[in-house]
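Record features, source TrEMBL:
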TRANSMEM  B:51-74  transmembrane segment
TRANSMEM  B:86-106  transmembrane segment
TRANSMEM  B:112-134  transmembrane segment
TRANSMEM  B:155-180  transmembrane segment
TRANSMEM  B:210-236  transmembrane segment
TRANSMEM  B:248-273  transmembrane segment
TRANSMEM  B:279-298  transmembrane segment
Amino acid sequence: MGVAAVSLLTTSGLTRHFSGIHAVEGVDFTLEAGEIRALIGSNGAGKTTLVSMICGRIPPSAGEIHFDGRDITRWPAHRRIMAGMAYTFQISSIYAGLPVFENVALAARRKRRGRAAEAATQEALMRVGLWERADQPAGDLAYGHQRLLEIAMGLAQSPRLLILDEPTQGLSEGEIAAFKALIRELAPATTILLIEHNMSVVMELAERVTVMDMGRILAEGTPAEIRANRAVQAAYLGTG
Amino acid sequence: MRGGGARAWTLHLAVLVLLLAVQFVLPAYHHGNLARIMVLASYAVGYNILFGYTGLLSLGHALFFAAGMYGLGLAIKLGGWAAGPAIVAGLGAGLLLSLAVGALALRTSGVAFMIVTLMFAQAGYLAILYFGAFTRGDEGFVIPREARMIMWLDLADAATRYFVALALFALCLLFCLWLMRQPLGRALIAIRENEERTEMLGYDTFRLKLVAVAISGTMSAAAGAAYALLFGYVGASFAAVQYSILPLLWVLVGGAGTVLGPFLGTLFMFYLIDIASGLTTAYMMIAGVVLVMITLFARSGLLGEARRRLWGWLP
């Protein structure tokens, strides 16, 4: 046997109960460095709860999380971010009262200073096409542009693992196409974990797909395998 | 927020130069008032760093003002210290108390934070009364004139007092202006705007808020120490709840989260009460009506409105 590739992220037995409801139940999940992974499942399947535990927004009820070979289960969120994770919120969470530039600069300044931070901010804004709007208050942006700003804040951190929670929700067709191209550019330098409902994004972007149902992992495989999986069809895709 | 740097520095330096110049033309009464206002405005600038920029509403800042005042006063009265080392004692007392109170109070947020800080300040006030043997309680004590000397500077002299008050105010004002252009200051503003997002960008928000409490508390203590030294009196009324409410009021009137707002608010309220009390004994009613008007028609305070309507570049 050769040496197995070191997984970037593993969870074992990860569980979260909300007052009796098993939102996530004993999830063993592995992410290899450099891959693009999609996480799908119906509403309430536990996707957001799972990634929230991974990035430290909520503590798990049981189980362990390892990132880059280190047990981070008890780390506060900010420490995980500094170790190389970035998280973009499902419901846009930006600084509405601050200029677009400052929103991204706050992200860039965690690992850079001065001119380097400004350059990283400009680069991230140009990549998502918001550079012309850098001086506007972020709260004045249209909804789709706020989603792109979230993504720019993720990019500016130069993360090793970028977690995107429904990033294409509310984007136009053209913006979705640009988003797909952007994510392809990032991999394999950045590992991507994507919660997504848009099947065209999932099937075109993801190398592997994980399907969650009722807080557990129902299936995992390539997009083609997932499409052919009867259990997934019954539980989620809804087609016979 | 990019740019506007040169304009901002010019404006604030111009205000300081103006304050330096007016002392030569002001009548003695207003000259003394302005010295007092500048010391109190330094307190308000410190309060604003926590309230206006970090978004944390404390109702217990009298504790930090009094820590500076009593730290200095008791060092002189009981220890026989000279003014210089006594200032360090006042600042040290403010720093230590704000770190201790911050570490405990920051475990809460919102209304609970207001109540916990209020309780700590009341405990401090009652402690001053309880240890009346040392602090002379309500009555307070006078700092003797010979102790109010820093090297050759006689702080009881009106002109010197004005210069020292201006120096303290300039230091606080320029520090605030500088801080809010640094990554640390920007991070504090980010906490005010969206704390959860800031944590998820990798900022240790608890530690940053503690730093904000410490900076704010120490600046408040500096104002308290200066007040005792310049006006020669240390008393428990400065630790009472009224002195926790006043900086909040000054900052709200002047404009929370603006660098010059605290000074404008202090100046405005000081003269409002001064003029109103010359007209009627019900002067607090006039002050109340004006405050209601400001909350109705200038919700972000005097300078906050100016920034919103006219000068977006104002820091």
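The backbone N, Cα and C atoms fix where each Cβ goes, and this holds for glycine too.
Worth saying up front: this structure is predicted, and the values here are computed from it rather than measured.
As a quick check, the transmembrane segment (B:86-106) and the transmembrane segment (B:279-298) miss the bar of 3 or more Cβ pairs under 8 A, pairs 6 or more apart, so the two do not touch.
Counting Cβ pairs under 8 Å to the transmembrane segment (B:155-180), the top-ranked stretch among B:51-74, B:210-236, B:248-273, B:279-298 is B:210-236. For the transmembrane segment (B:210-236), the neighbouring stretch richest in Cβ pairs under 8 Å, chosen from B:51-74, B:112-134, B:248-273, B:279-298, is B:51-74. Within its own chain, the transmembrane segment (B:279-298) has Cβ neighbours under 8 Å at 249, 252-253, 269, 272-273, 304-305, counting only residues six or more beyond its boundaries.
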